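Now, the feature entries from TrEMBL:
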- 67-432: domain 'Ammonium transporter AmtB-like' (DOMAIN)
- 21-42: transmembrane segment (TRANSMEM)
- 76-94: transmembrane segment (TRANSMEM)
- 101-119: transmembrane segment (TRANSMEM)
- 166-188: transmembrane segment (TRANSMEM)
- 194-215: transmembrane segment (TRANSMEM)
- 227-246: transmembrane segment (TRANSMEM)
- 266-285: transmembrane segment (TRANSMEM)
- 322-339: transmembrane segment (TRANSMEM)
- 410-433: transmembrane segment (TRANSMEM)
Amino acid sequence: MGCRQSFRQCCDRPKNTNVRISLPAVCFVWQIVMIILFGIFIRYDQESDAHWAEYRTFQNISSDIENDFYFRYPSFQDVHVMIFVGFGFLMTFLKRYSFSAVGFNFLIAAFGLQWALLMQGWFQSLDPMDGKIKISMESLINADFCVASCLIAYGAVLGKLSPVQLMVMTLFGITLYAVDEFIILNLIHARDAGGSMVIHTFGAYYGLSISWMLYRPNLDQSKRLNGSVYHSDVFAMIGTLFLWMFWPSFNSAITDHGDGQHRAAINTYLALASTVLTTVAISSLSQKTGKLDMVHIQNSTLAGGVAVGTAAEFMLMPYGSLIIGFCCGIISTLGYIYITPFMEKYLKIQDTCGIHNLHAMPGVIGGIVGAVTAAAASEGVYGKAGLINTFDFTGKWKDMVPSRQGGHQAAGLCVALCFGVGGGIIVGCILRMPIWGDAPDDNCFDDELYWEVRYCPKPLKAVLFFFPKLFP
């Protein structure tokens, strides 16, 4: 009891937000470490190496068009835009935190993708012959997926952490993700094409657990800044539209070429469309005047893409995808209306972006849908070859049956929850130490702490004040 009290007193000391030494030190040192580790471990794979011409001849490949680059790059482009533009602009809804939303998103992603290539490489693509990690276009997509989990977690603590804390959160988040992914996909043999479990469930509960550990009882002192204005909501809607348009690519990017990839794109497309209508319906019903809440439209309209992720390549059937989107639009919107205030008041979880409603609940729903759909699979629906190909019933898994695969899917969901919650609590303890330069309670959600912010000149302010109708 005494140790815990001492730790709390240490963590609650006055905060110093000057990161002039700590931020450059972290960026320089970690980037130098990345250069050294890449020099030791990272190499091109056979399709990106200069020996491709010899490999093509040896494998009797007739044309360069057979190189995996031409299959994967369009999907990589879409996923990359989602990571840097979609997630970044989605978080610009706060009236005075747009620089940090986009800029720190940029910082987290740039560092995270490098660390992800190493961590995922050590676990999944280390060549036993030479001890090197061979990277390809698929490696870059997987690294972006890994970064996505940390950007989801960032949503829960948006406006409350310093850039140094975000780098530390990303370092541990990428590490936990790589282990979590290896256990779920390789050891348990669960299928998770769009990452409902591995990306969304893990990332959301990782961020929520950190937010719970970093609970600020006096955050109301920054209430004046914890909200949006007209133009900030418009910018956030740009992020929503980018994410909404490219989500079919996200869920289908690393599925097998052919019918699985085709099916994943169709299922995601339909789930997203269905979600929009139910989100609008519930948002309107929740207001006595029937007006829409932009928070719901920015976020809950994406919930169908999250929930359909695990089962995206399965035979959901088009009407099944529409049902998933229909349900998730309702559940996510109701989450923003009722569950988010409940969590802050009674569970002491301050979820700035509402990631519990957009990623956590839909991610768990996606895991459950994947387990049920896998358990119900049959040769009559998939065909014998289709069943083997969709669920990868090969090698040591060749005797697997769909009912057992359903159990493995459920086990994968449990692992994602355990890693998210457990990892978030541990990392939250580390981030609570008063050495990271985070914002005081009365100055959260403000760019001025970490950015040079230039406002309108005083003469122009006066014109805007006295003649507001000239500049609507």
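A Cβ is built for glycine as well, from the same backbone N, Cα and C atoms used for every other residue.
In TrEMBL, annotation is done automatically, which means it is predicted and not curated.
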- Take the transmembrane segment (21-42) and find every residue of the same chain, 6 or more past its ends, with a Cβ under 8 Å from one of its Cβ atoms. 111, 114-115, 117-118, 121-122, 126, 131-133, 135, 162-164, 167, 171, 435-437
- Using a Cβ cut-off of under 8 Å, list the residues of the same chain at least 6 residues beyond the transmembrane segment (76-94) that approach it. 101-102, 105-106, 109, 137, 140-141, 144-145, 147-148, 151, 154-155, 158-159, 225-228, 232-233, 235-236, 238-240, 242-243, 246-247, 249-250, 253, 294-295, 298-299, 352-353, 445
- Task: Please give the sequence-distant neighbours of the transmembrane segment (410-433): residues at least 6 beyond its ends with Cβ less than 8 Å from one of its Cβ atoms.
- Result: 10-11, 153, 161, 165, 168-169, 172-173, 176, 179-180, 183-185, 188, 190, 192, 197-198, 201-214, 363-364, 367-368, 370-371
- Item | Dominant neighbour of the transmembrane segment (101-119) in 166-188, 194-215, 266-285, by Cβ pairs under 8 Å | 166-188
